[in-house]
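What TrEMBL says about this protein:
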type	residues	note
SIGNAL	1-33	signal peptide
DOMAIN	150-485	domain 'Peptidase A1'
ACT_SITE	D168	active site
ACT_SITE	D367	active site
Amino acid sequence: MASVTTRRAALSRGSSGLAVAVVLALAAALASPARLGAAADGSRGGSPDWHVVSVSKLLPRAACSTAATAASNSSAALSVVHRHGPCSPLLARAGGAPSHAEILDRDQDRVDSIHRRASGGAASRINPARASKGLSLPAHSGVSLGTGNYVVSVGLGTPKKDFAVVFDTGSDLSWVQCKPCGDCYEQQDPLFDPSQSSTYASVPCGDAHCRGLDSSTCASGNKCRYEVVYGDQSQTDGNLVRDTLTLGSSQSSDAIQGFVFGCGDDDSGLFGKADGLVGLGRAKVSLASQAAAKYGAGFSYCLPSSNGAAGYLSLGAAAPSNARFTAMVARRDTPSFYYLDLVGIKVGGRTVKVSQAVYAAPGTVIDSGTVITRLPDTAYRAVRAAFVRAMGGRYKRAPALSILDTCYDFTGHTTVQIPSVSLAFAGGATVALDFSGVLYVAKVSQACLAFASNSDDTSIGILGNTQQKTFAVVYDVANQKIGFGAKACT
């Protein structure tokens, strides 16, 4: 800036005050971090409207870093890792992670499942051949979602055996594969053996948990059998049972006695090497509901910014002091889902001009298992246009990636500057997304806006897990509200 200083001094000696003012303004503009790039502290001049990130940090770590731990006082806090990341206990034996295109294609299967359930189009998907195994109870038809992306470890039985299971806010019934198994997929750990547990018991057909299932039948011996069909056509059938569930440690204070879950003996589909699933939906049979008496009605989790790091899942609705809350909304057509009211979106600090009615008409589900946030088409087009305008011509465009149509090539850059994205919810809660919630980065040459269109304005919007990364997401069921606390995984 020496040339600017010299020129300013010369003008101050012989030019008018107006000329001096013009040059001073020019000097300030040239010195501005917004013009020159990142400031020394890595921000864009301290502006909350931009993310400035080193390109070397865009991609996930090749090795596992478990530095992130539960920011919770609950004794029932579990470590959460991505099922396809280096911290996953499943990856080494699963033949490697699927491609980004495969992950996003499966994500669309899950979204289609949510939309079918909301529109009442699930009944035709139940497999009648499997349902014929039991005949005495009427089946309540329903298709569950495709399985999720994040894994926790839980203990079952007495003495306990540990299992790596996917956790999912869009599912109710928890289950693992059990011996004897007529048709089971290959999983990470040995199958759960009921004969080795002193606290195992079958659930009878007349039990409220059995009667509340979407699809149940009654087998010989008055044993309740369940069936769950997922949107990607994966399926699990088995007996509904009770046993001790241990969370966090082997201490008895972390055990839920008589936990009801599925003991799968006929399972197939895209479960990878996961030993089963833990459901956190709103139905009576979910882990969240069964644990409410012990830990309080609610739970929270933090999903890490990188697949190479760890987050947490904690039972109970304890919230960080910086959490911002919005109302938890329920709908009769999909009573297990957690809804909230999205009312607006900001890009680069500027509100995208979309009527609140566009978001309100279909409603919005928050879901731990959907990867990419889905917006009504009108809203998505406006957000995309605002993002493209803010990006300008600084970076080359890259080809689309599956459902993601707005991608950039950062090859040759050492840092990138990306406009912030904030979500506004009813009641005044505004959530400024982490950088990892703005872009889905397949590789340096293909980093995409992490939002997608529903292709219409009538299908339910979905707040996906990419946008939830690094937040303490608090499901305070007792007080019917959902909260977001920033920077919770560290």
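Any Cβ shown, glycine's included, is placed from N, Cα and C.
TrEMBL annotations: computationally assigned, not manually curated.
Source: prediction; values computed, not measured.
D168 (active site) sits 8 Å from D367 (active site), counting Cα to Cα. Around D367 (active site), a 10 Å sphere centred on its CB holds 25 further CB atoms from the protein chains shown.
For the domain 'Peptidase A1' (150-485), the model's average pLDDT works out to 93.
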